[in-house]
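For reference, Swiss-Prot has these:
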- Lys162: active site, proton acceptor (ACT_SITE)
- Gly60, Trp62, Asp80, Asp96, Asp122: S-adenosyl-L-methionine binding site (BINDING)
Amino acid sequence: MARSKSSGRWLKEHHSDVFVLKAREEGFRSRAVYKLKEIQEKDRIIRPNMTVVELGAAPGGWSQYVAGILNGRGRMIALDILPMDALPDVHFIQGDFREETVLNALYDIIGEGNYVDLVISDMAPNTSGIKSVDQARSMHLVELAADFAQERLVAGGDFLCKVFHGAGFDALFQHLKTQFSTVLTRKPQASRARSQETYLLARGFIRSAE
């Protein structure tokens, strides 16, 4: 089967991408680590002794980076529908985040009555090529991640998620502003310029009295 022009362009860009080359040199699993690294250097969202949950973790670049900062002091819990090779100090769950059994497995690892300090999500759906469908699927995943964050974040905790500009973006932004002290947008240099992706960083979760 002949490659499409877009896939050929992606392969050419990928093999010459400075962040791909840098990830190989520095031993990271993906170029995406530099998106999180830039946000961390600017906003200092990851600190030792934290419990961090990553949604959409495979192939593991973000979890690898977070575990390095925690350095054995704290907990790194990662989840993805795809398999992921084991990483030191990372507890990985393979399963579909949309399924209740998988979500319950995540709750079990966190522990009953326990909260987490940071939720990070780089989840994205498989694309269909139909923009409106892909946007709806993407926003559904983001909303599920936000629901989880609001259920399990400690008061003052932070939530970082990948979002694509389009239908639902403004509503999500406004909703997060009611749940967190501050909501910021971040477009790291490692995010390809033509991509519609951006990151929302919601800081200072406001936990209501239970």
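Cβ coordinates come from backbone N, Cα and C, glycine included.
Cβ neighbours within 10 Å of Lys162 (active site, proton acceptor), excluding its own Cβ and spanning all shown chains: 22. Cα of Trp62 (S-adenosyl-L-methionine binding site) to Cα of Lys162 (active site, proton acceptor): a span of 13 Å.
In the shown protein chains, 23 other C-beta atoms lie within 10 A of the C-beta of Gly60 (S-adenosyl-L-methionine binding site). Counting only the Cα atoms, the space from Gly60 (S-adenosyl-L-methionine binding site) to the residue listed as 'active site, proton acceptor' is about 16 angstrom. In this structure, Asp80 (S-adenosyl-L-methionine binding site) is part of a beta strand by DSSP. Relative to Lys162 (active site, proton acceptor), the binding-site residues with Cα atoms inside 10 Å are Asp122, the candidates having been Asp80, Asp96, Asp122. Under 8 Å, Cβ to Cβ, and six or more positions away along its own chain, Asp96 (S-adenosyl-L-methionine binding site) finds Ile81, Val102. If you take the C-beta of Asp122 (S-adenosyl-L-methionine binding site) and look for same-chain residues 6 or more apart in sequence within under 8 angstroms, you find Ala32, Lys35, Glu54, Leu55, Gly56, Ala57, Trp62, Cys161, Lys162. Shown in sequence order, Leu55, Gly56, Ala57, Ala58, Phe92, Gln94 are the residues of the chain, 6+ apart in sequence, with a C-beta less than 8 angstroms from the C-beta of Asp80 (S-adenosyl-L-methionine binding site). Neighbour count (other Cβ atoms within 10 Å of the Cβ, all protein chains): 28 for Trp62 (S-adenosyl-L-methionine binding site). Secondary structure at Trp62 (S-adenosyl-L-methionine binding site), as computed by DSSP, is helix. Binding of S-adenosyl-L-methionine is attributed in the record to Gly60, Trp62, Asp80, Asp96, Asp122, and the widest Cα separation among these residues amounts to 19 Å.
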